[in-house]
């Protein structure tokens, strides 16, 4: 079964736009779970422009499905994850000023760094996923560094899906097969939506988890949050 983890960063962005606590991030997280989401994902950044570090502590107290924290493993983020001990940490090499994640790790160049970080998180009992491009060598590097899972960066797939979905999925099938052969779990995320999700799942049937935020929240503006989550779950179960 492929789990749907809802990324609630966009909810925090809306909240922070006006100050105060509307929408209530914690209530939205609980409602996502109540509506069928099988996980909650957040991606705090150093400037706290959407998710605040305090949000992570507050969410840890109430999330009853899988809690996944994404981010660049530096300084305050490392301390945050070690203190909270989420079910999963996803290591993402995003720059401080990046609008959103735009590339996976070079797991060969950063092998020693990742090995140390992953070891420390695993000693704390946290499952570790490494965000990678769909390149077999990068998947192999993540396995060598000790990762439990890889998260395949799906923006290139989403961009090419409508023009040539067979070509768009090819390298993901290969990367996923490599991950499976190495004993890694497989997650996927970035620009997945109601149009391209089912094709990804059908071609990688052993996919463990997808984390979806931006498109899901955009769809919720039209369909409502409960209906939207059910629509995404339906795409994963077709």
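Backbone N, Cα and C define each Cβ position, glycine as well.
Marked as 3-amino-2-oxopropyl phosphate binding site by Swiss-Prot: 7, 18, 191, 213, 214. Taking the Cβ of residue 7 (3-amino-2-oxopropyl phosphate binding site) as centre and 10 Å as the limit, one finds 25 other Cβ atoms among all the protein chains shown.
Here Swiss-Prot flags 43 (among others) as active site, proton acceptor, drawing on sequence analysis.
Classification of residue 45 (1-deoxy-D-xylulose 5-phosphate binding site) by DSSP places it in coil, neither helical nor stranded. For residue 45 (1-deoxy-D-xylulose 5-phosphate binding site), the number of other Cβ atoms no farther than 10 Å from its own Cβ, over all displayed protein chains, is 18. The annotation 1-deoxy-D-xylulose 5-phosphate binding site is assigned in Swiss-Prot to 45, 50, 100.
Taken from Swiss-Prot, the feature active site, proton acceptor covers 70 (among others), and the record attributes it to sequence analysis. In the three-state DSSP assignment, the secondary structure recorded for residue 70 (active site, proton acceptor) is strand.
Under DSSP, residue 151 (site 'Transition state stabilizer') is assigned to a strand (E or B) in the three-state scheme. Taking all protein chains in view, 29 other C-beta atoms sit within 10 angstroms of the C-beta of residue 151 (site 'Transition state stabilizer'). The feature site 'Transition state stabilizer' is assigned by Swiss-Prot to 151, with sequence analysis given as support.
As annotated by Swiss-Prot, active site, proton donor applies to 190, with the evidence given as sequence analysis. Residue 190 (active site, proton donor) carries neither a helix nor a strand DSSP state and counts as coil.
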Measure from the Cβ of residue 213 (3-amino-2-oxopropyl phosphate binding site) and count the other Cβ atoms within 10 Å, all protein chains considered. 23
Smallest Cα-Cα separation from residue 45 (1-deoxy-D-xylulose 5-phosphate binding site) among the binding-site residues 7, 18, 214 is shown by 7
Out of 7, 18, 43, 151, give those recorded positions positioned within 10 angstroms of residue 50 (1-deoxy-D-xylulose 5-phosphate binding site), comparing C-alpha atoms, in sequence order. 43
